[in-house]
Amino acid sequence: MLLIVLELIGLAVFAASGALAAVRARLDLFGVVVLGLTTALGGGILRDVLLGIHPPTSLTTWTYLVVPVGAALGVFGFHPQVAKLRRAVLLADAVGLGLFTVSGTATALNTGVPAYTACLIGMTAGIGGGALRDLLLREIPLVLRREIYALAALAGAVVVVVGTRTGWPAALVAVVGATIVSAVRLVALWRQWNAPVAKGLER
Amino acid sequence: MLLIVLELIGLAVFAASGALAAVRARLDLFGVVVLGLTTALGGGILRDVLLGIHPPTSLTTWTYLVVPVGAALGVFGFHPQVAKLRRAVLLADAVGLGLFTVSGTATALNTGVPAYTACLIGMTAGIGGGALRDLLLREIPLVLRREIYALAALAGAVVVVVGTRTGWPAALVAVVGATIVSAVRLVALWRQWNAPVAKGLER
Amino acid sequence: MLLIVLELIGLAVFAASGALAAVRARLDLFGVVVLGLTTALGGGILRDVLLGIHPPTSLTTWTYLVVPVGAALGVFGFHPQVAKLRRAVLLADAVGLGLFTVSGTATALNTGVPAYTACLIGMTAGIGGGALRDLLLREIPLVLRREIYALAALAGAVVVVVGTRTGWPAALVAVVGATIVSAVRLVALWRQWNAPVAKGLER
């Protein structure tokens, strides 16, 4: 139950980040809603396409549609206020990243794929929505450039695999995995940790 | 029979729009053909990947290849003349949008997915090819920015779902759905209807 | 055995080309590795998604992960030296293109799809990784612009289909197909063959 609520919060936050980017790119109302939906559902759709789950779960669960659409409409109406909530958005985005990575990794493990495959698919589920958002807006995906983003997802996916294989209860695995992703991401933001850039190309 | 002819016209028109954009981006002959094919077949391929139809129908029906390649070659040879036919291209594009949305929604319904899933997948089938075209040419997809484009597709998808569920004959559903999409899109073009942009960002 | 070694070389080379492009775009260490992986595995993943092979083979074979990651890390550490090896990189890229096209076409044929479908999917497997690399870095895919690239892949795919259908041994088909792709590509580079650009738009 808690997990469902957290997952819906993650969907809302990802939708809001997509909608905010779309508003800034001057897309119209419908474009804002479509981009919000794509950002919220994109990671899960990629996960299901790779795993062969047809049609993707995100497209067959109506709450997965209503929540992101509502969040996108809210951003459209109140974008100056939302833009001011920068810290809250980053916090929520980190929580969403953790939740989607954990649920993606667990879903993949359930289909019986090898451990490292589950990690890769879980990571894709966590960062895929944001990558699609940036692609559609013609940006080099932030997830490839920003401080410790995909790496945080990878760390959480590894925890989920190890925890599941060593027999922890599923709920504990989920909570610990998601917490680790969010914590790594938030600490990286706070301390401005960055992965290194190649020699001779530092700014 | 009429529907097959209309669908081939839709393929030719979508291929022409992709080829024309590719010619303007100075792609070479082969790039023009590939982009024409991608624009024509992209929506149907996305639809089939989401629905789990392997391999996608578009890749296993030879007329679906020959017609777009022919259209792309025609555009390559006669692009100044095609560019002058701006009205005809927009008209044909609206017809293609209607046909692909309707056939996508009907295909999805046939696999037994929920109604709103069929709408989303039908809309994706209608606008997917144009979105891929713009992505490959490094543009923010026009379908997210242009006057009432994806919204027209959504309206037609809803009509197909409602019509099918209330027992109309399939041919009637297809004709009415496609007509509505094309009509909404053409009226929006003619009257320059646009969905609103967020406050404070109007041009 | 020889084919496996060649395939691993192809993966390493494609990963290196993605990593080199990522280093130049100033992505950080993790972004460089992700882009190297995407370039190396992207074509095979697209192939498997289109054919309905779940999860994609590239994600379930650990050597397919280790080799590209190693190549990307090598490029990250020694990119000035790698950039100097321009000829070697182009040569290896042509070999990789040939190998991925041939293995993609053969995989598709094995699933029983029609001949031209196998050609299209084989071509996608060959050029898909490079196209994803360019998309993520916000470039118009080079494979659509560069001298005889996709066309070389198409030629090799046709050879594989004809050879298989006329009963040649599989190993012979693979070697001849891959050699033709690489040779066409290298001769095109050497003689600077280009497909024509539409009239009135030559530079």
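Using the three backbone atoms N, Cα and C, a Cβ is placed for every residue, glycine included.
Remember, TrEMBL labels are computer predictions, not curated facts.
Summarising the annotation, TrEMBL assigns domain 'Glycine transporter' to C:5-79, C:91-163. Annotation comment: TrEMBL describes C:59-78, C:90-109, C:115-136, C:148-164, C:170-190 as transmembrane segment.
Within the chain, the transmembrane segment (C:90-109) has long-range Cβ neighbours (under 8 A, six or more residues past its boundaries) at 3, 6-7, 9-14, 16-17, 43-44, 47, 51, 53, 115, 117-119, 121-127, 129, 149, 152-153, 156-157, 160-161, 164, 170, 173-174, 177-182, 185-186, 189. When the domain 'Glycine transporter' (C:5-79) is classified with DSSP, helix, strand and coil residues number 63 helix, 1 strand, 11 coil.
Taken residue by residue, the domain 'Glycine transporter' (C:91-163) breaks down under DSSP into 59 helix, 0 strand, 14 coil.
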